[in-house]
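First the structure, in the form of structure tokens, and then the observations on it.
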Amino acid sequence: MNDMVNLLDFDAQGLLAYCESLGEKSFRAKQLQRWIHQSGAADFGEMTDLAKSLREKLATRATIQAPAVISDHLSSDGTRKWLVDVGAGNAVETVYIPEETRGTLCVSSQAGCAVNCRFCSTGKQGFSRNLSTGEIVGQLWMAEFAMRKQLGRGPKDDRVITNVVMMGMGEPLLNYDAVVPAMRLMLDDNAYGLSRRRVTLSTSGVVPMMDRLSQDLPVALAVSLHASNDALRDVLVPLNKKYPLAELMAACRRYLEFAPRDFITFEYCMLDGVNDSVEHARELLRVVADVPCKFNLIPFNPFPESGLKRSNNEQIRRFSQVLLDAGIVTTIRKTRGDDIDAACGQLAGEVKDRTRLAERGKFGKTVPIQVIGADSTHRMGSA
């Protein structure tokens with residue numbers, strides 16, 4: 001089985017090349033793609049419009065293998081979280097969030113994360129490896145057909161998952177070569193048929209890869225901002241030491257020249273006494289002044305030993321009002337799935353930490369540190 005080719009690893013061009021390598025005509029690739037991604041077929045015997053000789057050939061050479069489900073949890077609010085096996089002792093989490101007019105899937109791109117944002121439990125487990133294209137798109141494949149079964153939907157019914165956010169475990173732009181083909185499949189009309197506006201990639205700010213994505217596959221972009229100045233962001237998002245705010249904002253402006261939406265979504269985790277003052281909000285307005293944007297304020301979801309607390313509702317309201325008064329669309333994310341640890345910042349999975357010390361050092365250590373905000377000082381506890 002280890003020598004089998006996993007067809008989930010192929011986007012349209014890859015599947016075409018594979019079919020041609022088998023001596024098959026090009027139209028077979030589209031047939032095969034529809035069976036896999038639109039019908040959810042995992043058995044070549046089901047693919048009745050393929051020649052029997054091709055089905056037999058595929059059965060001995062290829063497989064359709066999504067990550068195996070280890071656990072499956074349903075929240076009281078309808079959120080569903082899967083823990084899936086990606087081998088070598090690693091597992092990642094995939095979360096489905098139902099809403100009245102859409103169904104959003106939060107997909108992981110790495111086993112662990114080397115960026116090690118201070119407020120995120122994923123980074124505390126270290127980094128093991130990048131996921132393959134098949135492991136990334138396999139989360140969508142698995143979730144779509146699991147949800148269809150749960151809701152009693154057939155192959156001709158509307159898709160359950162209407163939006164995908166690359167906001168699970170990992171930094172997508174540090175796994176570029178696997179993430180982009182996976183997103184191509186999400187957009188492909190012979191696969192999942194999502195629009196570029198309905199696929200959102202969230203990044204902590206890997207500037208060179210943001211520029212590359214703008215040329216290769218400009219989907220909707222969300223940027224994990226979380227701080228109003230470089231001194232604070234260096235602590236909360238250590239990648240900022242490599243790509244500081246001025247460079248990041250310039251990259252956002254360049255990206256908007258090609259983006260499917262005319263704004264960048266900035267994500268901002270609200271941390272009590274750290275980044276949530278009215279002064280921080282005013283400083284933030286100066287940082288994003290030249291970037292058309294909206295803000296998504298995220299109440300912090302505590303996890304053991306984080307040393308951080310969630311801002312209270314009144315403080316979040318005051319912070320958001322500063323942004324709203326400046327004409328910036330600002331939303332406060334409703335916490336979903338927190339009873340099954342599926343809320344933002346809680347995805348940790350099970351990771352065998354193989355992070356090289358040099359890799360960790362690149363983004364800085366987690367230590368007790370005095371953080372100077374816009375007009376206040378706060379000492380963050382050790383994580």
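Numbers run from 1 along the shown chain.
Cβ atoms are placed via backbone N, Cα and C, with glycine included.
Residue environment of Glu93 (active site, proton acceptor) contains 26 other Cβ atoms, counted within 10 Å of its Cβ in all protein chains. What Swiss-Prot lists as active site, proton acceptor is Glu93, and the listing cites sequence analysis.
Positions annotated as active site, S-methylcysteine intermediate by Swiss-Prot: Cys344.
The [4Fe-4S] cluster binding site annotation in Swiss-Prot covers Cys113, Cys117, Cys120 and is backed by sequence analysis. Using a 10 Å radius centred on the Cβ of Cys117 ([4Fe-4S] cluster binding site) and all shown protein chains, the other Cβ atoms total 25.
Close to His226 (S-adenosyl-L-methionine binding site) in the fold, though at least 6 residues off in sequence, lie Cys117, Phe119, Arg233, Leu236, Val237, Glu267, Tyr268, Cys269, Asn275, each with a CB less than 8 Å from its CB. Taken from Swiss-Prot, the feature S-adenosyl-L-methionine binding site applies to Gly170, Glu171, Ser202, Ser224, Leu225, His226, Asn301.
Marked as disulfide bond by Swiss-Prot on the basis of sequence analysis: Cys106-Cys344.
In the predicted model, the domain 'Radical SAM core' (99-339) shows an average pLDDT of 95. The domain 'Radical SAM core' annotation in Swiss-Prot covers 99-339.
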Using DSSP and collapsing to three states, where does His226 (S-adenosyl-L-methionine binding site) fall: helix, strand or coil? coil
Starting from the Cβ of Cys113 ([4Fe-4S] cluster binding site), draw a 10 Å sphere and report how many other Cβ atoms land inside it. 29
Please state how far apart, in Å and to a whole number, the two most distant Cα atoms are among Gly170, Glu171, Ser202, Ser224, Leu225, His226, Asn301, the recorded S-adenosyl-L-methionine-binding residues. 19
DSSP three-state assignment for Asn301 (S-adenosyl-L-methionine binding site): coil
Ser202 (S-adenosyl-L-methionine binding site) to Cys113 ([4Fe-4S] cluster binding site) - Cα separation in whole Å: 13
Can you grab the distance from Cys113 ([4Fe-4S] cluster binding site) over to Glu171 (S-adenosyl-L-methionine binding site)? Cα atoms, rounded to a whole Å. 6
